[in-house]
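What Swiss-Prot says about this one:
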REGION    16-237  region 'TRIAD supradomain'
BINDING   CYS20, CYS23, CYS43, CYS46  Zn(2+) 1 binding site
ZN_FING   20-70  zinc finger
ZN_FING   91-156  zinc finger
BINDING   CYS111, CYS116, CYS135, CYS138  Zn(2+) 2 binding site
BINDING   CYS143, CYS146, HIS151, CYS156  Zn(2+) 3 binding site
BINDING   CYS186, CYS189, CYS204, CYS207  Zn(2+) 4 binding site
ZN_FING   186-215  zinc finger
ACT_SITE  CYS199  active site
BINDING   CYS212, CYS215, HIS227, CYS233  Zn(2+) 5 binding site
TRANSMEM  251-271  transmembrane segment
Amino acid sequence: MTTARYRPTWDLALDPLVSCKLCLGEFPLEQMTTITQCQCVFCTMCLKQYVELLIKEGFETAISCPDSACPKRGHLQENEIECMVATEIMQRYRKLQFEKEVLLDPSRTWCPSSTCQAVCQLKESDTVLPQLVRCSVCTLEFCSACKASWHPDQDCQENVPITSFLPGESSSFFKADDDDAPIKRCPKCKVYIERDEGCAQMMCKNCKHAFCWYCLESLDDDFLLIHYDKGPCRNKLGHSRASVIWHRTQVVGIFAGFGLLLLVASPFLLLATPFVLCCKCKCSKGDDDPLPT
């Protein structure tokens, strides 16, 4: 049986509590973590949950200070992140870092084969022009620009849908997988996306493009997810009918609330417009008056 340790009053006075900007709670200094780059202080539990969420969702590799008003706009260093998270989460963080490095490096590209996913090196002198790339792992030969099979003396076919280069399609270098292939490419920016489980409505972390995982059709304007009510993707969203109805109710409610707010505010806007215009005209007239000599 454990008992609470008695601490004298003067000891408590010398151990002040520090406020966390995330949860607004107050904790002793030993339960707080200071970000080295900006010296902002948060409770260790909140900062740990914040870092883990960003890594699990894959939002960003440069994890910034959670304080939006941070004057130095600091970032957490890799050793600080490693002290907070579990080994498997840290491995995912390093994987995301590597993927971003390859994406931003013009001299490297990913092998387009869904069964390979190796990193291929381009010739440094011709990184801008389409060139033949040969994967050192699977020996696949493809075009560095369009990722299709190498086409010497032919231009890249810009009008060919990107879906023809994706797993599950009739491409010369992709295995004929089913619609549940774990890795596909964004139809807009061609970045590789891995889907573990969950909803079929995907959003590319690179270009923020929303699309259906199965048919790759754009969902940017489909706020009500009508796409999953018909066609080959019907009932493939991955959520129950009740949750879909609740989502649509929320979306309709938001639009209805915005419309109602605009309707209520419109008379006040109409009344205020003449006064605003008069004030602006008066100010501009005052600026045009010559200065007294």
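The backbone N, Cα and C atoms fix where each Cβ goes, and this holds for glycine too.
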Integer Cα-Cα distance in angstrom, CYS23 (Zn(2+) 1 binding site) to CYS199 (active site): 30
For the zinc finger (91-156), residues assigned helix / strand / coil by DSSP: 17 helix, 13 strand, 36 coil
Within the predicted model, mean pLDDT of the region 'TRIAD supradomain' (16-237): 80
Spatial neighbours of HIS227 (Zn(2+) 5 binding site) that are distant in sequence (at least 6 apart) but have CB under 8 A: CYS212, GLU217, LEU219, CYS233
Counts of helix, strand and coil residues, the zinc finger (20-70), according to DSSP: 17 helix, 10 strand, 24 coil
Distance, CYS111 (Zn(2+) 2 binding site) to CYS143 (Zn(2+) 3 binding site) (CA atoms, angstrom): 10
Other residues, Cβ within 8 Å of CYS212, CYS215, HIS227, CYS233 Cβ centroid (Zn(2+) 5 site): ALA200, TRP213, TYR214, LEU216, GLU217, LEU219, TYR228, GLY231, PRO232, LYS236
Residue counts (helix, strand, coil, in that order) that DSSP gives for the zinc finger (186-215): 0 helix, 9 strand, 21 coil
Residue among binding-site residues CYS43, CYS146, CYS186, CYS204, CYS207 with least C-beta crowding, 10 angstrom cut-off: CYS207
Environment of CYS111, CYS116, CYS135, CYS138, the listed Zn(2+) 2 site - residues of the same chain whose CB lies within 8 A of the CB centroid: PRO112, SER113, THR115, GLN117, ALA118, CYS120, SER136, VAL137, THR139, LEU140
